[in-house]
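Heads up, the thing below is written out as structure tokens.
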């Protein structure tokens, strides 16, 4: 797919370069475009951006000219006029890609009919119909053949229905994955909008980690690097600015921030055109599906071996009988039908033996879990994550927004070497009155210019702060001190802005001050100890700039530690007069700053986090906190959450980096908190946990820089609210409410999926073993098989599709989080399962063998119909053994198998349908199913035989393994 995309992009670019040789002056505005009030058409816009055609862009007056021709404003965006928006949509299209049509139900029926064993059985049915009708006439001669046909169609329609419903469910989930909102300016107001509502002329605000939602042009911004690898396959990011303003849909913002003008949407974008030519593949098989497909193949081969032997033994019996009769040369239609029945039995043994229900059970369970997890605020992007999360042994969690509420406020400050509490308006007034005018001016200039956030007016006329929670807290602090965002921004010229970098732990800005000479000033903001280390001076209480001596450094360090010890996030603000001029291409200085002050930001721990961490510990899942915060802040929060214990270690990223391999081996298992971590530290920790210690690691992340760790982890968990699109694209599960408690819910569902599939495998292998051994041994001993082809097909239906529906959809319970995780090397089929399978199989085999040997005597059966009655009792008893074994399989170790049974309506419905249909098969469909009417005594005996399997299962569970 990636290579196809790359080639398509290169071909497209080559075509546009050829087209661009035509003089731009040849362009004429189509009449319908002119009539609608626009001076440029969609095709011309597409050719400019997609072809990176600077010549055409200049011809149309640059970005401002394009905006004018699209009747929009680069400041206020599109006007609100609904009719105008509708006309624009009709002319330029909507920002949606054409989706492939959903496959109809009949397509799934057609696919189900292509199963090889069913096709062989269909041939058997056809031959049976021909021979039967020719020898016995209609309708008697057609009964056997029609019975097989009816069974085949039942299997096909149930399988098709199940697959069709899953396809609809996955389509709904896929729609949820594609719901992306973005910041847009319309009618002069900044607002969040769905990318699907975007139109040419819209002004979109992009920041690090955002996905470019449509083709467009750069309007303004700083240090914009675009990752075009999803489109071109090229790993090197592309610099976008006023010289090369072209932005393509589907690419991602790797660094910087900007405003863009949307020019082309939907299927007219380069991404849209490529998607029209490429078909998107579905989800790959999950590891468990692959593993179970392997198990199914092995069991299928064993079944094929038994089927061949069974067929050979049955045919040998027929030939020996004919040899003794002296009729081995003469063959009649009845004997041909008998031979055909033997072949049908052999094929059906293969059908029963091949546990196609194993991968079906995985898909059903995953689909069920995905739907329910969506209700629990977790969107699964990759199927495998559901099952993998059930094996998780470690969760590496972010602090901000996951363990904490992400609602930040400045509650303490140390401005001009003076500490203040600033929790309410009166305290802000005290702080403002104590600050020297020059210091206050510098502080407000730093707050409102060195920021990635904005203060805007909402549609309702209310002031609204946009940006990360940290930026919002600082901006709110500035506003509370009497600052005005727009006034401060207009007072100076912003020359360069470097967004916050998680490696440098700081952000910076260069402003040109008013007045002659064009003096430049740098502002820096970030991790307190890092920014403080770059300072040489400090503003004192009198507003004077003085040298930062040892006593001042100690005071500020002590203040940082005090704030951090109170679980506050600390940031340092500093400035520097830039000498000798500055070019936007120059790097922002990293030393020689003057410290303005330090702020302490409160981000309370989420309710329920401590309890959720305790649940993880009880479940054998280690929780580690990885954060960019100060180590004292991190430790205070970790203790409050119950993560940092007396035997755990808290370490800083720079210290972690210096450790040798031998030291890391001893250190990593004890690390519970990593502070001041870089993305590389997080990635290294995860890699060591997975490879060296064989942990199954789940990692949370919300930023672009978290992508490597999310990729490295077994399960990447992106935050849905605070997370960037890059983080979400890298993740397996999106936590829609950013809550750690939801992560625990995901782990519970993961365990539920794993256990449900184990329950189903236990149930199915029991049926497999008994059906194979009974038919094989009976064929060898008596020369006939007690279970006919139609009966075996019904048993196959019970244990495959219906069994998967019943057992694979059990909801999770709290007991799941009281057992140790499976881990990476845990065996899927455990000793407990083998104990239950072999014990139950032995009981069922003994019962059926006893019925075959002594059934006539036990039920006092006589006359020509006695064999048919006995075989019906055997079939009925066998089916009820599976019904009650299905109930016993709800719990693999617990004796109480009825707990919560009524909460799973699917299980109850499947069980009820199985019993109802069994009654119909025995009492009404005898001619087709080779069964006959049973007395109430015989029915009671059949049910009792099946029921006895439950106390036997309970006794087996007491046997230690």
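Even glycines carry a Cβ here, placed using N, Cα and C.
Annotations in TrEMBL come from automatic prediction, not curation.
Range 298-319 is the one annotated as transmembrane segment, of 298-319, 386-407, 408-429, 430-451 (source: TrEMBL).
Residues 146-164 are the range that TrEMBL records as transmembrane segment, among 70-88, 89-107, 146-164. Your range for transmembrane segment, going by TrEMBL and the list 112-134, 181-203, 204-226, is 112-134.
TrEMBL assigns the feature transmembrane segment to one of the listed ranges (29-59, 246-276, 339-369), namely 339-369. With helix defined as DSSP H, G or I and strand as E or B, the domain 'Cation-transporting P-type ATPase N-terminal' (59-133) counts 46 helix, 3 strand, 26 coil.
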